[in-house]
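Asker: Got a structure here, written out as structure tokens. Questions coming.
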Amino acid sequence: MSGRGKQGGKARAKSKSRSSRAGLQFPVGRIHRLLRKGNYAERIGAGAPVYLAAVLEYLTAEILELAGNASRDNKKTRIIPRHLQLAIRNDEELNKLLGGVTIAQGGVLPNIQAVLLPKKTESHHHKAQSK
């Protein structure tokens, strides 16, 4: 008989995404496409989008971890831009990396200059000694 139909021949293996091969959540294929379309270079190696996806995933996980801690500290269950701002600005390395970035609805870090604080006076202790 002819070789038509579903019988015969090897069954084609289920396709596996490059993200799952690399053990990543971020889309390797999409990043590869964006690198090609972005005119960053004439050619893009096969490992470049995997590496970039891994770096982006790591940074995202790091920021979300710190923002989750900030939301828990504020007794909230949902991460809001304020929590992202607090997470980034309180971390030295992330603050340096994202120094020129403005986060909408993020607010500012609470900070009062030392010279503006009321002076510590020894009034109670000093008056008791002088009597």
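Each residue, glycine too, has its Cβ placed from N, Cα and C.
From Swiss-Prot, here are the annotated features:
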type	residues	note
COMPBIAS	7-19	compositional bias 'Basic residues'
CROSSLNK	K14	ubiquitin cross-link
CROSSLNK	K16	ubiquitin cross-link
CROSSLNK	K120	ubiquitin cross-link
MOD_RES	R4	symmetric dimethylarginine
MOD_RES	K6	N6-(2-hydroxyisobutyryl)lysine
MOD_RES	K10	N6-succinyllysine
MOD_RES	K10	N6-(2-hydroxyisobutyryl)lysine
MOD_RES	K37	N6-(2-hydroxyisobutyryl)lysine
MOD_RES	K37	N6-(beta-hydroxybutyryl)lysine
MOD_RES	K37	N6-crotonyllysine
MOD_RES	K96	N6-(beta-hydroxybutyryl)lysine
MOD_RES	K119	N6-(2-hydroxyisobutyryl)lysine
MOD_RES	K119	N6-crotonyllysine
MOD_RES	K120	N6-glutaryllysine
MOD_RES	T121	phosphothreonine
REGION	1-23	region 'Disordered'
Asker: Return the member of K10, K37, K96, K120, T121 nearest to K16 (ubiquitin cross-link) in space, with distance defined Cα to Cα and candidates limited to these recorded positions.
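Answerer: Closest by Cα distance to K16 (ubiquitin cross-link) among the recorded positions K10, K37, K96, K120, T121: K10.
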Asker: Could you tell me which three-state DSSP class K96 (N6-(beta-hydroxybutyryl)lysine) falls into?
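Answerer: Once the DSSP labels are grouped into three classes, K96 (N6-(beta-hydroxybutyryl)lysine) ends up as helix.
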Asker: Among the recorded positions listed here (K37, K96, K119, K120, T121), which has the Cα closest to the Cα of K10 (N6-succinyllysine)?
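Answerer: Ranked by Cα distance from K10 (N6-succinyllysine), first place goes to K37.
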